[in-house]
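As annotated by Swiss-Prot, ATP binding site applies to Ala13, Ser14, Ser15, Gly16, Arg17, Thr259, Gln304, Gly402. Per Swiss-Prot, disulfide bond is recorded for Cys68-Cys222, Cys353-Cys370, Cys413-Cys417. What Swiss-Prot records for Gly83, His236, Asp237, Thr238, Asn296 is substrate binding site, and it gives sequence analysis as the kind of evidence. The active site, proton acceptor feature in Swiss-Prot is assigned to Asp237.
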Amino acid sequence: MTFRNCVAVDLGASSGRVMLARYERECRSLTLREIHRFNNGLHSQNGYVTWNVDRLESAIRLGLNKVCEEGIRIDSIGIDTWGVDFVLLDQQGQRVGLPVAYRDSRTNGLMAQAQQQLGKRDIYQRSGIQFLPFNTIYQLRALTEQQPELIPHIAHALLIPDYFSYRLTGKMNWEYTNATTTQLVNINSDDWDESLLAWSGANKAWFGRPTHPGNVIGHWICPQGNEIPVVAVASHDTASAVIASPLNGSRAAYLSSGTWSLMGFESQTPFTNDTALAANITNEGGAEGRYRVLKNIMGLWLLQRVLQERQINDLPALIAATQALPACRFIINPNDDRFINPDEMCSEIQAACRETAQPIPESDAELARCIFDSLALLYADVLHELAQLRGEDFSQLHIVGGGCQNALLNQLCADACGIRVIAGPVEASTLGNIGIQLMTLDELNNVDDFRQVVSTTANLTTFTPNPDSEIAHYVAQIHSTRQTKELCA
């Protein structure tokens, strides 16, 4: 038997994990084992919301060392994380300033300023990326305007996964899929857009040309002295998750469900027309030159904050209590900027309901019901937008990532969207990370080849839409009201 041992470092906004994958060539089987799991979260430092990258690096090294201590020969390592955030370095490779998180308020008002000065359509035509107030372009503008004293010291700007790869190897890399989240990469050249960079205030010399997934960045020297290749995987965690989504045919959509929910479809060409701009659709880079045409949805961040504020530890019990409540009594827009990082999420949700003359969710279960129903309805709206954009309906939706373990939300999504939902794999980002490593090691041919492996090894659960559910009736009522308004217009 021929085995490959690959390690995936998968960092999310709320947690990180070091996972060991064992691939058996002859039977094309893939097994995952969690080596080390650790918490991640936001910190307040010198007036900014930041990431503790030193603690994260220590946790990564601890996980890698644990694998080596077991006597396992690692064939390769890959790192994926969230997008848009970065670390600044000087000529000696030392950090400059703080690793500020995207939920910090320093970018307030800058997106509108960019649209006014550069033109919203021109920015979109250049980047193809959705307008979000925390995109890297606005973070860099905030940095250069608010902390000009740092500029003379900056030699390099590395996105988060590239920074950790640099810390392991001493080699710098700017991986393409994550680079596209910055709104600074030109969609036609796959290189940094000089006009957008100029507006951000950043120096182009801070960046190297983006590289597509599949190259070896450098080597990590393990405690036993072995040189282990560190591969540039699809380092944006959603890009990795999409690679591991067992999409079957052109009518399949995906939803990567976690702190963020990202819903979209794969395409060989980007969509940057006026319809896409009006819908605020993003065209993020994917593996093998594919585009991830998708939309960002605030996701389970709202629930995570409620769990924290209410000190709820038993999520299954909460979901069971939530399921017993009637649907669609409390509806909010999860994508409202007010929910990006409020002082108190529970109070913010209640205020949104109060301002729209709805009942106020008071109990833990009512708050969760509000979040689940609102997300499912937003999923239905976004799926409809995506279908209109490409001119073809979807036949199934693949929900991947940690959020796919929420059976209630999966069923609500199926009912609201009126579409078959296939949930799994849970560790999609980790699997996609491993997939690129196996391709780099010449064990697999391409993404489609890897998806066949995922389909036969992952635990998948199907949810069939129930047209008689409360949320399905609510959606039908909304559509009927919209059609009436359109006819009367």
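Just so you know, glycine gets a Cβ as well, placed from its N, Cα and C.
All chains included, 21 other C-beta atoms sit within 10 angstroms of the C-beta of Gly16 (ATP binding site). Nearest to Cys413 (disulfide bond) in space, judged by Cα atoms and limited to the binding-site residues Ala13, Ser14, Asp237, Thr238, Thr259, is Thr259. Local packing around the Cβ, expressed as the count of other Cβ atoms within 10 angstroms, is greatest for His236 among the binding-site residues Arg17, His236. In the shown protein chains, 32 other C-beta atoms lie within 10 A of the C-beta of Cys413 (disulfide bond).
When the Cα positions of Ala13, Ser14, Ser15, Gly16, Arg17, Thr259, Gln304, Gly402 are compared pair by pair, the longest gap among these ATP-binding residues is 18 Å. Annotation: Gly83 carries the greatest number of neighbouring Cβ atoms among the binding-site residues Gly83, Gly402 [cut-off 10 Å, Cβ to Cβ]. Fewest Cβ neighbours within 10 Å among the binding-site residues Thr238, Asn296: that distinction goes to Asn296. Same-chain residues with CB within 8 A of the center of the Gly83, His236, Asp237, Thr238, Asn296 CB atoms, the substrate site residues themselves not counted, are Trp82, Asn178, Thr181, Ala239, Ser256, Trp260, Leu262, Glu284.
Neighbour density for Cys353 (disulfide bond): within 10 A of its CB lie 20 other CB atoms from the protein chains shown.
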